[in-house]
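Novice: Straight out of TrEMBL:
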- Thr200: active site, nucleophile (ACT_SITE)
- Arg228, Val229, Gly230, Asp231, Thr251, Gly252, Arg253, Gly254: substrate binding site (BINDING)
- 1-25: signal peptide (SIGNAL)
Amino acid sequence: MKRRNFLKSTAAGAASLWLGTSAKASSFFKPSAAGKMVVISSSNGLRATGRAMELMQQGHDALDSVIAGVNIVESDPNDMTVGYGGLPNEDGVVQLDSCCMHGPTHNAGAVGALEGIKNPSLVARLVMERTDHVLLVGQGALRFARAHGFKEENLLTDKARRAWLHWKEKRKDNDWFPPEDADRDKNGKAALDIPFTYGTITCLGLDGNGDISGVTTTSGLSYKIPGRVGDSPIIGAGLYVDNEVGACGSTGRGEENLKNLTCHLIVEFMRQGMSPQKACMAGLKRVVEKAKYMPRLMKDNGRPAFNIRYYAINKAGEFGGVSIYGPAEYALHDGKENKMRKAEYLYEWKK
Ligand code: GLY
């Protein structure tokens, strides 16, 4: 029997999108072996965990649910790390990365450097379900999205454009000047407020069938070299799911994650018997150890000059979250309560 589900997506403009063959309508709903549903997300994901749990409690599968959750944040112009309103690359163009992984089929889809489509996670899902491939990038990913009826739009909000302009104006050795009336620091330099981020939301769910899926989506490193792709669309780096074990997602500096494939590593640590919390911390420590090989990644005090965070769940519904720097938080819905939890961290900010 074909199991199709036509969930109404929360993403504006995406309501007509087909949400896949993996979804299980409520008639297929069975309590999980563990009897527990859980959704975890990065600190910007409290709305995502709330929406995803609501859908899972209605009987929808984890993949539908976590994607619908992150669509809220992708579509939000106020979140400058993901989707519409995300900070652009050095040319002022928003380029998005995303991937998803479906535990029950061990299948995955991803897009990299996608322009003009505010919900890249929906395109990633279609790569998984409607091609024989896992990853499409750039113009090819855009043409694929167009073929599936996605609407192209300008993703650069005025707020993000101003941030990018100020970033250009503050760079040394260039011909772009800050506004005359800009606030000045004590050296007379324009004190422009320039947000900087590696961005990203990740969301992982264990549904009522005991199945696990996940999604990661981002506008990536702000003001990046055009074409730069981070960890978020790379299976094993920004996300990994093994339906027999658990799942891990990441936010923060993608380059270190790419070099260690840390989400895969953390799931393997869980397979060996570690709890999600212990596995996340072991993965985080591996990244820090390896970063020491490259002095420019370390500060004078011997601590990393970057941050990275991991979030994980296992088949039993246990969860964990860690960060190099803290205090740090993550969003978690345990089936009863949707709230922020404290993440374990290695170092305090600014020390
Ligand atoms: N983790 C997001 C990025 O580095 O692009």
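In case you wondered, yes, glycine gets a Cβ from its N, Cα and C as well.
Nobody curates TrEMBL annotations by hand; they come from automatic prediction.
Could you place these features in context, so I can see how deep they sit and what lies close by?
Specialist: Thr200 (active site, nucleophile) counts 30 other C-beta atoms within 10 Å of its own C-beta, drawing on all protein chains shown.
On its own chain, Arg228 (substrate binding site) has Asn89, Gln95, Ala113, Gly220, Leu221 as residues at least 6 apart in sequence with a Cβ closer than 8 Å to its own Cβ.
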Novice: Looking only at Arg228, Val229, Gly230, Asp231, Thr251, Gly252, Arg253, Gly254, the residues listed as binding substrate, what is the longest Cα to Cα distance in Å?
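Specialist: Between the outermost Cα atoms of Arg228, Val229, Gly230, Asp231, Thr251, Gly252, Arg253, Gly254, the distance is 16 Å.
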Novice: What whole-number Å value do you get for the CA-CA distance of Gly252 (substrate binding site) and Thr200 (active site, nucleophile)?
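Specialist: Counting only the Cα atoms, the answer is 7 Å.
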Novice: Taking a cut-off of under 6 Å between Cβ and any atom of ligand 1, tell me which of the recorded positions Thr200, Val229, Gly230, Asp231 pass.
Specialist: Thr200, Gly230, Asp231
